[in-house]
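What follows is a short report on a single structure.
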């Protein structure tokens, strides 16, 4: 009978190595998987699978620490982070470490400490991974039943899910603790151009927090990506932290309901597919967040958003031409619309020119110049501060765009300056990885469903035409 994990279910392709290559004492004949299938050989060996996962965690943490130290070693304090291709230091700076007013780096030692701690942690994880992969028991069920499991044990699986949720909840609350009790976080909206600030009054109101989830993802609504203040971000982490903790406790103390037992496929590959689907969704959300949001991802560290760079260019030339004597309130552009200022369809005063498409941008360097009806003409004439001019000029020349023509009026010839914005890197990489993880989700979900239904889709090797053809030589 072809049971769920029987090697006979897989009809392996015959290769040169099938009978000869054995990795770690496990070959294709005994496991049903070739050497390159990696952890699939360990599906029913909980001890060895633990070793693989711990070692993998060690590799991840080692990358984080080593890359962190690499960025610290190459960091130039006089240049903005986004001009130096940094992707880790901006995250640490956003947490309020090592920075002061305006996002200026005043101390790199916390970044060094972070890198060293990660490298040391990776050594501990690496040792644990090697131990469990080579020395530790192959299965945990006999020696350590609390850590052992069988994939089909629905109650054990939801208990493991619950433990993960509790840990995630505490992780969310760590950010809350940093923001509220341990020195605060960097707030790009702090008066005068951003500063590290203790969040003393996080948002608890569920109508505000869950209102983001009920927003449209399109246009100016922006779903959760539209969050524009640190109080809501920290309040959201308070809510999600406790939801994860209480949800985790629920999954630990309860057994799956009948409808859940019927609805889900309960196998290792099914859990893999669920996880890949969840990570894919997180990747797509992260892509949008880092591309559009300048509160969670402050422009001082990650560079301006696309709309922000475009609006910054319009603002920079408005400042220049106003100094040269232009009347910014009445000057016409080549299309007959306002050259510097115009009205949006709903009546607000906005920047003119190509940047009109980004009229609903909100940025800390621009908001002080708004009035009750959009940009305030009198403020633009009298109240522009030097820091606003400097910042907009900097953002104008560091758009997160690579295009042969202009986008939103910003000159973006990619060969002109050796610069790629961290926003471009982070959003593109998360979109691409999110897509690949989604494909992997579909792949493993299809295999898991097929296995649960008692068949395996694939080529029937026994009647494959190539087997009846004469050898090439």
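In case you wondered, yes, glycine gets a Cβ from its N, Cα and C as well.
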Of the ranges 46-67, 112-133, 134-155, 156-177, which one does Swiss-Prot flag as transmembrane segment?
134-155
Segment assigned the feature transmembrane segment in Swiss-Prot (from 255-275, 318-338, 339-359):
255-275
Count the Cβ atoms, other than its own, that fall within 10 Å of the Cβ of residue 367 ([CaMn4O5] cluster binding site), considering every protein chain shown.
11
Stretch contact, the transmembrane segment (255-275) with the transmembrane segment (69-93), Cβ-Cβ under 8 Å, 3+ pairs:
no
Under 8 Å for C-beta pairs, could you tell me which stretch among 69-93, 134-155, 291-312 has the largest tally with the transmembrane segment (178-200)?
291-312
Cβ-Cβ under 8 Å with the transmembrane segment (291-312): same-chain residues at least 6 beyond its ends:
80-83, 89-90, 93-94, 102-103, 186, 188-189, 194, 222, 225-230, 233, 351, 354-355, 357-358, 361, 363-366, 391-396, 398-401, 407-410, 421-423, 426-427
